[in-house]
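Below is one structure, written out as structure tokens; the observations come after it.
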Amino acid sequence: MLQLKNLRKSYHVGDTTTKALDDVSISFRNQEFVAILGPSGSGKTTMLNVIGGLDRYDSGDLIINGKSTKNFKETDWDAYRNNSVGFVFQNYNLISHLSIIANVELGMNLSGVPASERHQRAVDALTQVGLKDHISKNPNQLSGGQMQRVAIARALANDPDILLCDEPTGALDTETSEQIMKLIQNLSKDRLVVMVTHNPELAKEYATRIVNFQDGKILDDSNPFTPKDEKDTFNLKRTKMSYWNAIKLSFTNIMTKKGRTTLTAFASSIGIISIAIVLSLSNGFQKQIDTTMSKALAKYPVTISQTATDVNSISDRDDSEKNVKNRGYLTAKKDKLQQSAHKNKITQKYVDYVKKINPEYANNISYQVGVNLNLIGKENGKVKPVQFSPLPAGTAASQAYEQMQSQAASMSFMGSTVFPTSLDKKKGNFLKDNYQLLSGAWPSKPTDLVMVVDNKNSLNINILKNLGIKVKADEKLNFNKLIGKEFKVVDNNDYYQELPTGMFVPQKPDQAMYKNSKIKLRIVSVIRPKNKDSMALLSSGIAYSDRLAVKVIKQNQNSAIVKAQKKSDRNVMTGQNMNGNAKKLMMQSIGGSSLPAGIMIYPNDFDSKDKVLDYLDQWNKGKKKQDKIIYTDMSSAVTSMTGGLLSGITAVLIAFAAISLVTSMIMIGILTYTSVLERTKEIGILKALGARKKDITRVFDAETFILGIFSGVLGVVIAQLLIFPINSILYTMTDLANVAQLNPVHALILIVISTILTMLGGHLPARMAAKKDAAIALRSE
Ligand code: ADP
Ligand code: MG
């Protein structure tokens, strides 16, 4: 059944060549007890290793069950070792971190015997070698003889056809040696036993055949055997170690070096800790920013003004700017902002479109009508002109301000002086939602005015003066001085006088003008912003309903000045020539056009803003560039700016933290490498039991896998613990509670990353381990 034909094997070290096997030919019976005697270094171990498939021969052939092994692949040898061969070594070669029973089960693990059967067979084998009472002990709790019995039990467990023993009694006293020999003799009744020994007495007493060995050659054979031609009955089951078994094996190994493992895991978790903390801080800050921003900005309006900035058209890239240093000329360029300025053609159709917006998304829309109010008021019985402007009356600046107000919507950062009328009364009221009533009652009629003060209850003194209220700087003014104050809006026909030249000039206000006016305005309340953080939606000063503007336009539509202006391309007040746009503005200011100069849409909340923007985008679909209406959404510009900044900082911090991850990866590599060196003998044992290269790799990969998960979890746990003090420090510093928050998804991803990185770091040493020569590994101590 086992035939060696002209086997040769030599070792080459440097220039010297050692012939360990020199043309060895011998055949063994299926059942016999062969003792191999010979001096040290004569090649006995080499022959045993070759027979057992632990070592390869150089030439000749080894025939197993009639099959030549010349073309055997690694996996064939692995299967052969596992299924057919049992090894017993002089130094027992037990795995010290595994229990006795686990040592015996190891070979069956590889051949995939189910757990319960494995256990039973291991118990049977241990009983057979007389260790029934020591089953739960560890190898280092046994005597030498007992350890050798465990090794024999392990060799027996898979019921091999061949038992190979390399000086099994070499380390034992005479009495124990006799017992072991008896045991082996007993086992040789059902199988072939080949035993190398130094001891000719033992050989003579127990063996059925004695072979003398010298210088790699067989000197004599006491009972030679010439086999008949044998049919090929070679058939082996492939071996395979399951991932689960690899993990169990590594786990027990790791448990023998808890201290070192914990330290390493801690060191390699530092990267995870820092990344986790950076992430949770940035998470937290982003959340804080988002909530503050959305609180403050959610209600800030989306504005549509007559001129908007087309962000898409601002681009700094220009190839013609290359190599300009030495050109010797300059290029005249259009102003960038001017270039990107987009004229919005707000038409009645568009206004109607906006009006149809869903009140679920935006319940408040104000139309900024550019009409100038011809205001007058009474002071001590005298009629005087009145202004809502915050600038000193009668100056050029104040006139400019009037102009600006009429185009209020184009000044995105400035609050409006017109408050919207709510579309749906049930959905809340713009003023009540955002402002606090300091005195008086909420406006109900279009002619009701409100006085808006800032969050310090202060007001620009010019506003009061322009209303005809006598007040000194820093004077404290009682609310009732304001509430109930009345003004009148004068009809264009009363306000402007037509000169014989066809020009119009404003008249000096008088009692008749005051009496004639049909529109009486009244300040009904003083209000201030509700939230100290909220942006001023309305600018300080007088604010009125957009319905008032509609009323005034209606009154003035057919006035003389409007009719005259309609026909003329010159400004009927100044006589200047006007282009189309200037004429449009002029018409709007004298109440000749009902088209709004701007529209402000107040979204109900942060989420509905997107819906509003979608709705507005819908209008532009398929329109030519110049017909598009471009809106300004200040809040999103601000949020995306801070968001971008924060994620930039986060990325930089994470990059730094990641460096420590790489460091830990290298560390794990070194640790695995040491582990490989330490476990060299274990690798040899596993191979002797039939483990494939893959299985060895798997064992070490499993070790780094456990280590990776451990350090990942450890890192996340430590980070989570550190977050408490960090948050309390941040709370005392910034008054923000619970800023840092570790997202569970991030925690999970970090654990996965840690595992993958440690496995990567440990995989190379694991591959090295797998490549180790089993025979050399077993010779190592
Ligand atoms: P024995 O078991 O009979 O004492 P071995 O089979 O161990 O002898 O060794 C036979 C010869 O091969 C010895 O000379 C030994 O030095 C040599 N040898 C064994 N293993 C190696 C090796 N891995 N590298 C080089 N020489 C080796
Ligand atoms: Mg030897």
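In case you wondered, yes, glycine gets a Cβ from its N, Cα and C as well.
Curation plays no part in TrEMBL annotations; they are all automatic predictions.
Source: prediction; values computed, not measured.
The domain 'ABC transporter' annotation in TrEMBL covers 2-240. For 263-285, 645-671, 702-724, 744-762, the entry in TrEMBL reads transmembrane segment.
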Exercise. Compare 263-285, 645-671, 702-724 by their Cβ pairs under 8 Å to the transmembrane segment (744-762) and return the stretch that comes out on top.
Key: 702-724
Practice problem: Using a Cβ-Cβ cut-off of under 8 Å, list the residues of the same chain that are 6+ residues beyond the ends of the transmembrane segment (645-671) and lie near it. | Solution: 260, 264, 267-272, 274-275, 278-279, 282, 285-286, 289, 704, 707-708, 711, 753-754, 757-758, 760-762, 764-765
Quiz item: Sequence-remote contacts (6 or more beyond its ends) of the transmembrane segment (263-285), Cβ cut-off under 8 Å?
Solution: 646-647, 649-650, 653-654, 656-665, 667-668, 671, 707, 710-712, 714-716, 718-720, 722-723, 726, 738-743, 746-747, 750-751, 753-754, 758
Quiz prompt | Distal contacts, the transmembrane segment (702-724) - CB-CB under 8 A, six or more residues away | solution = 243, 246-247, 249-251, 253-254, 261, 264-266, 268-273, 276-277, 280, 664, 668, 671-672, 675, 740-742, 747, 750-759, 761-763, 766
